[in-house]
Amino acid sequence: MTTSNRILLGVNIDHVATLRQARGTRYPDPVKAALDAEEAGADGITVHLREDRRHIQERDVLLLKDVLQTRMNFEMGVTEEMMAFAERIRPAHICLVPETRQELTTEGGLDVAGQEARIKAAVERLSKIGSEVSLFIDADERQIEASKRVGAPAIELHTGRYADAQTPSEVAEELQRIVDGVAVGLAQGLIVNAGHGLHYHNVEAVAAIKGINELNIGHALVAHALFVGFKGAVAEMKALILAAAAKA
């Protein structure tokens, strides 16, 4: 957990794999994207191995585990298949996320409060392999407190509602929800990360929230990389969030 206003950038490379899978080719290579991201200042690499394998594949994860210089944040659904795979690869960080086949992207946070026994068992099992387990949840006090009860050392607050807000009042309301969620998480002794839907025009307000440890960002980076290259996209984002955090 950071003790200053310095904030970490986790780069999600899922959508590099999305582009590859669209044509069933061997390119673009998400592993190369990860290495480029590290060179440009990424503090970690996030990948989500979905049940439907729509983007990242097992081979990608295995290769990344061998070559990353930073650390892997492995996003996964709470299924026996994924639990067994995580035990095999032993990533530094694991983030448990909700997952349905029909969704375009992760649509909301994990309902920890509604399934505490199941999530607690998963956290305990994954902690035994040495992984730091976080839970991807909405910035809701009930879910944050439940995350503490099940033994997770970290949470990732879902910023999608903030990213999707249309009017200034909606943006302010959703940003305040995140601010409050960070405060509750820190009061519970949790490491607080955040992510989902963040891009170059909305990230600074979130990066300026004191106490956030890491922001995980993917789609916006991959999209911007079409015009400036992946290293350039990551470097720009890193500069934005560090500047915003320094001003806070």
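Every residue gets a Cβ built from N, Cα and C, even glycine.
In Swiss-Prot, the 3-amino-2-oxopropyl phosphate site is described by Asn12, Arg23, Gly218, His219, and among Gly181, Gly185, Gly189, Gly197 the residue recorded at this site is Gly197.
His55 (1-deoxy-D-xylulose 5-phosphate binding site) and Arg23 (3-amino-2-oxopropyl phosphate binding site) are 11 Å apart (CA-CA, integer value). Among the recorded positions Asp14, His15, His48, Arg50, Glu156, His196, the ones whose Cα sits within 10 Å of the Cα of His219 (3-amino-2-oxopropyl phosphate binding site) are Asp14, His15, His196, in sequence order. Of the residues the record lists as binding 3-amino-2-oxopropyl phosphate, namely Asn12, Arg23, Gly197, Gly218, His219, the two whose Cα atoms sit farthest apart are 25 Å from each other.
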